[in-house]
């Protein structure tokens, strides 16, 4: 639901300000304070016990004046150290967070700091050591924070001596919290956090309620569902000052486990019950908490009844989060039940639920600043009735089924972020968008919007604009961008737009993300890109550019991560890519007219696509840089030649390599076999020769396509023993000889096996029925795409390979072949013997081609079990005997070729088999029956049930038909008017009938909604 303010921060800030005021600390006065020698030595001794790998204590000891050391503050009058603050700041520069922690032990030398009142050692690593007992002797402490610092053991009982303590934070350690008796001595304590430890204190409620000044209590992740206070303890509780209560992640499943909190109805202002397991209706008693301002119920299992009507009493509520609670409720009703807080509510989180209906007039909530409604079932309109001007600053309606036009957006002049993506909005983006002067993010992606107004150009604060995947039409000119000086992220992907700007146009922005695929920007290369110096992503694919690559384009920004110029008609040479400062690069220049030698590949390249161009010459330059980060390389369909260099062992992360359709020669490099992460290898249609090197280490390999080369030798046994993940194996059009190894039958995931056009001999293995996928009748195969890893949000870069296969007697290339095709092709070899009967067990097979071999014997009798078979080619063999009757059961069969064998007898009668051309059966001298000549002496069977008098039979049929239709009309007339007449005459019947219909309609509607909501919830969980 976005970044939220923790109430604890207000308390801490307030406490720190009080400390600063009380001790009169200013940086200017501290600098004049003289350090006390004894305390300086104590601090240096404390430093010696720590490991400072990040130099955070580098100032300690550089000068005599310890009051100027980092993290130290002294009293301006006495010089005593009063503040020791060594907490680590957590930063998240990328996708991982980092903190420069201190490690080691806490030295008892701190006892020399007798006047210390502020100690913060949080977010460090004290190596599972116990909290030093001597800290309990620092009696002047008012602030103690040891959270997230890897302390273990029990909390020292000596903490009872810290009677001046106002803030105590021991959260997120490995502490064992057994006894809290010491708490009752801390009469000044206002803030207590014990969450995220091994909580075992059964007496927790009794002891905590003895702390008279406690205002904020954090017991998150304490497993409190196991320690429910007794009714007697609750009745005797006297904690009347408690204002803020954090109970997140305690495995509460019913309200009875936290009902004690309603005893503090006169003081509680903030409650956090998020991330529990509450699965029933929300407790009505929340409505009795008259001072409640902040309520977080997010991420629970279910709020069956939605927002209860008692919430109308919460007139001070300004924050409510019910996101991801499986709330099923009509949205207008929900807003009605919150009407009591319409003047106070500022933040409302309802995302990830099953809310339905339209967006009501939210402008009635005059203080509402943030509204989260994404990922629901909203299926109506956006504000059917126009209201007053709204104070909303953040609105997210994405991932719903909202429809209709957008309202007048001028009603939301304070909006900073507007997320409307993944809906069904239609029409034009309203002109009023130009009046949202504070708007920073505008996302209308994945809708059906058609028009983009020029008023967009007035949004001087707009930073991100995403209108991708709509049906936007027309021409974009400079006017659409005239004042977008803050814009850094522009996404107009996959619309019907043309970008028409002056040749010398200089945009007012400096973009970081440029996504304009399928926008018509041609035919010239857009010169305004020369003015952009900071982009990390540039995608102008499918932009209808037919131009030479300009010389200035080689000056790419050093921040560049992703470059996509694919599917244009750009020509010219690419000599070298800029060396990016980033950890990785993705370059896609595919489907253009680039020529020349292979450009020098950047060392940080992760995805590199040059396929479908006119590059030529050697690719030896690929070895000049160690491109160990590369995960996917596609150089296919160019004019590269020569031997492929043997340097692939340095690309240990490579998952996809496609070198197909080039003029490579020589041997397949041995180092390819060292790529343990390789999933797909395409080297078909080259001139590789010699033996195939071992790929036994490539145990993740799913596609091995090496067809159309001059490889020799036997099919290696390691294919069957080590490549157990194979889904496609294509060795077609090579010079392999010997028999098909039976070990190949261990490839249980295999969907396509193509060994055609080789010199294979021997018998077909009888174990082909071990191909598990090919035995399954139900379902299609898996997709042939690979989600190649890379570090750019929103996720993986999809690589979809293609495959050259013989399908229905035609050689074709298929993308995503595995979604549908299940094929065995052993044609054009020298195989002998019979067709194994086990082959009929492959009931999921769609194409079987055994043609052009020397197979003998009969056609397998059980072939009729292969119900999904669409193509069967057994031609040009030595097969004999009759065509099995079961062949007539193959209703999907559209290609059949049994020609040029020694088959005999009559072709089985069926609509399917007789529909094929004569050529499907030709070359079988003893075969007869349609579509060939009829067999000699054949007489069609007589229908013994036929009538000897056809005319009489026809008359009977005519009479029966007439009688049937007359009776049907009379029956309908009597029944219809009988029921309708009763309803007209009898009013009570009429009312009952229509009430029944209305109730039935409502029941069906609500039942379907509830079932859908529950199913949606289960899928999310």
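Glycine is treated like the rest: Cβ placed from N, Cα and C.
Per Swiss-Prot, the annotated N-linked glycosylation site among residues 361, 534 corresponds to 534. Taking the C-alpha atom of residue 849 (N-linked glycosylation site) as reference, the shortest distance to any of the glycosylation sites 145, 313, 544, 593, 650 belongs to 593.
Between the candidate glycosylation sites, 145, 161, 313, 544, 650, the densest Cβ environment within 10 Å is the one around 145. Using DSSP to sort the residues of the repeat 'LRR 31' (892-913) gives these counts of helix, strand and coil: 3 helix, 8 strand, 11 coil. Residue with the densest Cβ environment among the glycosylation sites 534, 770, 849, 856: 849, by other Cβ atoms within 10 Å. Long-range contacts of the repeat 'LRR 2' (138-161) within the same chain: residues 15-16, 19, 87, 110-111, 113-132, 167-179, 181-183, 185-186, 188, 193, each at least 6 residues beyond the stretch ends and with a Cβ under 8 Å from a Cβ of the stretch. Listed as Cβ neighbours of the repeat 'LRR 5' (214-237) (distance under 8 Å, sequence separation of 6 or more from its ends, same chain) are residues 7-8, 11, 171, 177, 189-197, 199, 201-202, 204-206, 208, 243-253, 256-260, 263, 272. Annotation note: residue 663 (N-linked glycosylation site) sits in a strand segment as assigned by DSSP. The DSSP secondary structure for residue 145 (N-linked glycosylation site) is strand. Below 8 angstroms of C-beta separation, residues 493, 510-527, 561-576, 578, 582, 588, 594, 792 of the same chain, each at least six residues beyond the ends of the repeat 'LRR 18' (533-555), sit close to that stretch. Within the chain, the repeat 'LRR 23' (652-675) has long-range Cβ neighbours (under 8 A, six or more residues past its boundaries) at 611, 628-646, 681-698, 700, 705-706, 711, 786, 788-789, 799, 801.
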